[in-house]
Amino acid sequence: MDLSTADLADREGPSVRSCDVQLRNYGGRAVFSGRIRTVRCFQDNALLKQVLSGPGEGDVLVVDGGGSVHTALIGDLIAELGRSNGWSGVVVHGAVRDSAVLAGMEFGVKALGTNPRKSTKTGEGVLDEVVSFGGVDFVPGEHLVSDTDGIVVVASAD
């Protein structure tokens with residue numbers, strides 16, 4: 001999608017679905033978009049690693065980590081899995097780590113903050129269900145656009 005989040009907000013008007021949570025850019029690609037896939041997990045990244053290990057086809061993985069910054073859900077190794085498997089980027093309602101490496105990676109990464117502490121790896125979590133944060137429902141199959149102004153979700157890429 002070639003429209004910026006500001007242009008999408010103007011087009012959608014008062015009904016625009018823009019994320020109110022102020023997520024920071026950590027990846028080397030500040031502008032990214034794609035079809036939404038979702039993971040809900042809390043301080044455990046095994047499931048999202050599994051998802052990013054598969055073909056991304058330009059999709060964006062939205063991770064609802066419950067807003068916890070106690071442990072990082074994504075670091076350089078998992079981000080590289082996503083990048084090399086064709087994912088456009090990840091949006092994490094939680095923390096990341098290896099931020100200096102992420103900044104040099106041609107991959108979109110947005111998150112609440114950083115923490116060097118690694119997460120558990122039990123595989124707890126849920127795939128491809130609607131996740132909600134920042135006043136937005138992230139619906140699998142809908143389209144997400146992320147840039148330096150924020151995140152907007154639209155029903156389709158048209």
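Every residue, even glycine, has its Cβ placed from backbone N, Cα and C.
The substrate binding site annotation in Swiss-Prot covers Gly75, Asp76, Leu77, Ile78, Arg97 and is backed by similarity to another entry. If you look up Swiss-Prot, you'll see Asp98 marked as divalent metal cation binding site, on the strength of similarity to another entry.
Positions of the features from Swiss-Prot, shown on the structure.
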residue: Gly75; record: substrate binding site; contacts (Cβ under 8 Å, 6+ apart): Val96, Arg97, Asp98, Val101, Leu102, Lys118
residue: Asp76; record: substrate binding site; contacts (Cβ under 8 Å, 6+ apart): Arg97, Asp98, Val101, Leu102, Met105
residue: Leu77; record: substrate binding site; contacts (Cβ under 8 Å, 6+ apart): Asp98
residue: Ile78; record: substrate binding site; contacts (Cβ under 8 Å, 6+ apart): Asn45, Leu48, Lys49, Leu52
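With a 10 A radius on its CB, Arg97 (substrate binding site) counts 23 other CB atoms from all the protein chains. Considering only the residues assigned to substrate binding, Gly75, Asp76, Leu77, Ile78, Arg97, the longest pairwise Cα distance works out to 10 Å. Counting every protein chain shown, the number of other Cβ atoms lying within 10 Å of the Cβ of the residue listed as 'divalent metal cation binding site' is 20. Excluding Gly75, Asp76, Leu77, Ile78, Arg97, which define the substrate site, the same chain contributes Ala72, Ile74, Ala79, Glu80, Val96, Asp98, Val101, Leu102 within 8 Å (Cβ to the Cβ centroid), listed in sequence order.
In the three-state DSSP scheme, Leu77 (substrate binding site) falls into the helix class.
Annotation note: Arg97 (substrate binding site) sits in a coil segment as assigned by DSSP.
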